Amino acid sequence: MQSTITIVNLLGAVALLLFGLAQVKDGVTRAFGVKLRIVLATGTKSGPRSFLSGFLATIALQSSTATALTVASFAERDLIRPRMAQIVLLGANIGTAVTAWIFATGVAWLSPLLIITGIIVRKGASTARQGGGTALVGVGLMLLSLHLLSNATEPMRDSPALGAFIGLLDDAWPVALLLSAALAFVSSSSLAVVVLILSLASADILSTGLIIVLILGANLGGAIPPVIATLSGPASSRRITIGNLLVRAAGCAIALPLAGYGAMLLQQLPLAKAMLPVDAHLIFNLALAAIAWPFSGVVSNMMAKMVTDDPGTDESPRFLDASALDTPVVALANATREVLVVGDTIERMLIRAENAFKHNDLAPLAEIIVLEQKVDRLQQDVKIYLSQLGRKGLQEDDARRSITIIDYAINLEHIGDIIEKGLCEQIRKKIVNGFKFSDEGYDELKTLFDMTIENLRAAQSIFVTGDFDLARHLMEIKDDIRRLEKRSSGRHLERLRDGLTQSLQTSSLHLDMLRDLKRINAHIVSVAHPILDEGGVLGDSRLRAADNRS
């Protein structure tokens, strides 16, 4: 019965530790997530800065896994060079080791104070205060779990069964390494496993050599969750996490045969025995960083060869078949399909911009730059293709369709410019400066974003089908957009007159984003003009009031 209680206490303490870690990560992300992403995105121009940014981000997030996934997302969008990404993760590994070392220095008595302070701070109105309070509560719970782990492992000192199991592990270090790695993988936290090893070591039931081996396993297992999380992602992100795993695996493979010598060295150093696990953890990661840093470029190049680019990433035109130029109907169909690809790319840009706006995330903005370049290339290719088609002369209907295709492609290209040079810059300014829209202003802009995306989808259908009713409906929506923009501007000015702080901070951004979204919709609606003009219902760029197609 006593052994059952001991196991339950141990598992409960570990669960509390993991919960505390999650609270710290969530709290810091809410309070400082944007600034941390900016630090990671902008602090990678050189090796030392990359290392420091990874170290600081992991100290704040208490999770090298979170840092690895963030860096992988940046690599996916070409925000960070692969070599710098590997150096960031070396810093992240040391950040985890330093965190464990700090927790082991006997600061568990701070737990009640941190929890009380965190609860008080959480009652603040701002998101930053609420997130900071949650993080403080999380740190307090982690320190409390250390105390509970110490109490839970104390009875294990005299357990014959545990002693026999530890003896088996001590005689089979590779098995011990794999067991520790499995625990780190299952818990998605090398820090949690290191703390557990620390508690077992404090009960004086682990040899120094076994401590080192278990620490190696925790380091290896902690690199696996980011790999699993990026398996379905693009090759650029997988290269980062797999590279980090291979670096750690190589370090463990080198260190495992030397664990016995390392144990003798640690025993000769003036180190507190109770601190041996965290000392070994820190020493291993410092040594790994010192050895792997000079080879970070080699690792990146090796990953580029091992993890090949995903198929279908060629940005050249897919449908502009030169052999079809002798058949205008087929060539026009090809050009139509290619312009639809441009429209789909514009939709992706709008979605990325909206995601950056909603989540205060700079990463999607980098992809928009790449997508806009693709739009420029494809629309230029379409124009060249259709100009070659027209050299041999076209029938009137074919010539009219050719002009319609070119006009729509040009309008899409203008939309891409507005998104990149207008919306992106405004959203970037909002994120970098930490501006927050009022709830009403945010909802207005989000509604306009959603309407714009839906209008683009309708325009794509109109471009293919030439449907009169759908074109007329899109033209009517243009008036709705105009009224929505005017009403939103008016409400924004009212909030300014009322002295609402959030509206004062975001006044220029709000009006500029409204203007740009309105301009985008104007270009989208242009696809309906030739259809309505042909139907005789368009006058001075507006629908005539009482008319019928019949």
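Backbone N, Cα and C atoms are what each Cβ position is placed from, and that goes for glycine too.
TrEMBL annotations:
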type: DOMAIN; residues: 342-420; note: domain 'PhoU'
type: DOMAIN; residues: 446-529; note: domain 'PhoU'
type: TRANSMEM; residues: 55-75; note: transmembrane segment
type: TRANSMEM; residues: 87-120; note: transmembrane segment
type: TRANSMEM; residues: 132-152; note: transmembrane segment
type: TRANSMEM; residues: 173-198; note: transmembrane segment
type: TRANSMEM; residues: 210-233; note: transmembrane segment
type: TRANSMEM; residues: 245-266; note: transmembrane segment
type: TRANSMEM; residues: 278-296; note: transmembrane segment
Per-residue pLDDT averaged over the domain 'PhoU' (342-420), given as an integer: 88
Distant-in-sequence neighbours of the transmembrane segment (245-266), which means Cβ under 8 A and at least six residues beyond its ends: 86, 89-90, 93, 173-174, 177, 207-209, 211-213, 216-217, 219-220, 222-224, 226-227, 276, 279-280, 284, 287-288, 291-292, 299, 303
Stretch with greatest number of CB pairs under 8 Å, the transmembrane segment (132-152) reference, 173-198, 210-233, 278-296 candidates: 173-198
Long-range neighbours of the transmembrane segment (210-233), counting only residues six or more past its ends (CB under 8 A): 64-65, 68-69, 72, 76, 93, 96, 166, 169-170, 173, 176-185, 188-191, 193-194, 197, 201, 240-242, 244-245, 248-249, 251-252, 255-256, 259, 262-263, 266, 276-277, 280-281, 284-285
For the domain 'PhoU' (446-529), residues assigned helix / strand / coil by DSSP: 78 helix, 0 strand, 6 coil
